[in-house]
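Everything on this sheet refers to the single structure shown next.
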Amino acid sequence: VAADEGILHASGSGVPPVTKDYCIIYNSNWVSLPKTLDNATFRTLENLTSTVLCSSAEVPSGLMKDKAVVVMRGNCTFLEKARIAQSLGAKMLLIASKSRLSAISDNKTDFEDVTLPIALIRYNDIVDMQLVLGNEVNVTLYSPPLPEFDYSMVVIFLIAVFTVALGGYWSGVAELENLKAVASPGERESRWKKEENVTFTPVTVILFVVICCVMLVLLYFFYKWLVYVIISVFCLASAMSLYNCLAALIGGIPFGQCRITCSNKTIEVRLIFLAIFCIAAAVVWAVFRNEDGWAWILQDILGVAFCLNFIKTLKMPNFKSCVILLGLLLLYDVFFVFITPFITKNGASIMVEVAAGPFGNSEKLPVVIRVPRLEHSASTLCDLPFSLLGFGDIIVPGLLVAYCRRFDVQTRSSSVYYISCTIAYAVGMVLTFIVLALMKMGQPALLYLVPCTLITSSLVAWRRKEMKKFWKGSSYQVGWRP
């Protein structure tokens, strides 16, 4: 919301009184709101959403005196409504909007006599206010300053670094098992059957980036239909990923290994129950995905499993492919965040619009790790109740970390590439948060993560005089068959 954001603090008439905060939009050039609730003056709210207040005849005489009044948006300007409300004795004017909140603007020079506070509020919030607080409600307005740093970023940081580090380590474990299988002819075929990895070549990397670009543009124009396709795909992919992660975890537990036979195939009973559990987790999230109180926890668990499985399954054959992938996706990120505002009609970036849900769409794409903001502010209520980090900001650098880990295994280099790249990723995340705090606007994290990880990996390879081998990859191929 490109406007001045504030908070309407509402209090019910119960004992003790129930309170709740709601988002408002106001014009700071017209009125200055206090930064705290200290010494705030409360007004009784008069709900007149049955009228648009474009004429004083619409309201009985004396009904507004010394009250906060809420009317519907439409038919006349904000300041015309305010002049009428002020002439009838109102002390605060709230204008309820059924559409998306937008900046309040008007020709103030023609209404210099209007001095009462004017704010725009969602109509659904007025309905919620009556349901939660009752018909007798007292309200006041204030606008706390935006916090310099929100501690939810620390949680995001820990989740991201943990996922990248674990995904890279898991990929290295799989690589070590593959090397052992190649060295032991008797294990080759059984290992090949278990192997579910996909190797990216430079050509498939370019094709993958093109598909990402096309998909983002399609989402921008056909969001209200495609969002449900993405939700369905996420449920299926995250359930499978959670199963793969947990199956790998319980595989080493020597209990509950009883098997059943069906169609000449045997399967462990515990894996059947595990599959049911993973499917149930995805279904529960799909049903309750809009419950802000707790659904984010389940989304993050499914999201971490999805990222881990992706990093482990998708293999980069060499550093050359990593440079192409990370470089192209860096350009993709920067273009759709910083360049597209000069192309779109409303001046908004395609990436930000799709992430927020274009044109006020309430459904959000489940392709982010999200953590509730811990610092109270108007922005938290209005449009950013969660700190977000896209899956791509974990998976894309994670593929490089995984390649570094596999290269360590292949060359027996004591995890130096893996550890260095993981630390570089953590530094890139910290740099992203610093720039975010300074610029007060969303940042394409790959702009900082890609240079940090690529430069660090290159320096390690150069310092160890292994740049040629690191660039071309090991001669060992996972796809080798006997």
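Heads up, the Cβ atoms here are built off N, Cα and C, so glycines get one too.
Taken verbatim from TrEMBL:
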type	residues	note
DOMAIN	60-125	domain 'PA'
TRANSMEM	151-170	transmembrane segment
TRANSMEM	198-223	transmembrane segment
TRANSMEM	229-255	transmembrane segment
TRANSMEM	267-288	transmembrane segment
TRANSMEM	294-311	transmembrane segment
TRANSMEM	323-343	transmembrane segment
TRANSMEM	384-404	transmembrane segment
TRANSMEM	416-439	transmembrane segment
TRANSMEM	445-462	transmembrane segment
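Ranked by number of Cβ pairs under 8 Å to the transmembrane segment (384-404), the listed stretches 151-170, 229-255, 416-439 are led by 151-170. Under the criterion of 3 or more C-beta pairs below 8 Å, with sequence separation of 6 or more, the transmembrane segment (294-311) and the transmembrane segment (267-288) qualify as touching.
For the transmembrane segment (198-223), the list of distant contacts is 230, 313-317, 320-321, 324-325, 328-329, 332, 336, 350-351, 353-354, 357-359, 361, 365, 399, 478-479: same-chain residues at least six beyond its ends, Cβ to Cβ under 8 Å. In this chain, the transmembrane segment (323-343) lies close to the transmembrane segment (445-462): three or more C-beta pairs between them fall below 8 angstroms, excluding pairs fewer than 6 positions apart.
Here the transmembrane segment (267-288) has long-range neighbours at 231, 235-236, 238-240, 242-243, 246-247, 250, 256-260, 294-295, 298-299, 301-302, 366, meaning same-chain residues at least 6 beyond its ends whose C-beta is under 8 angstroms from one of its own. Mean per-residue pLDDT, taken over the domain 'PA' (60-125), amounts to 85.
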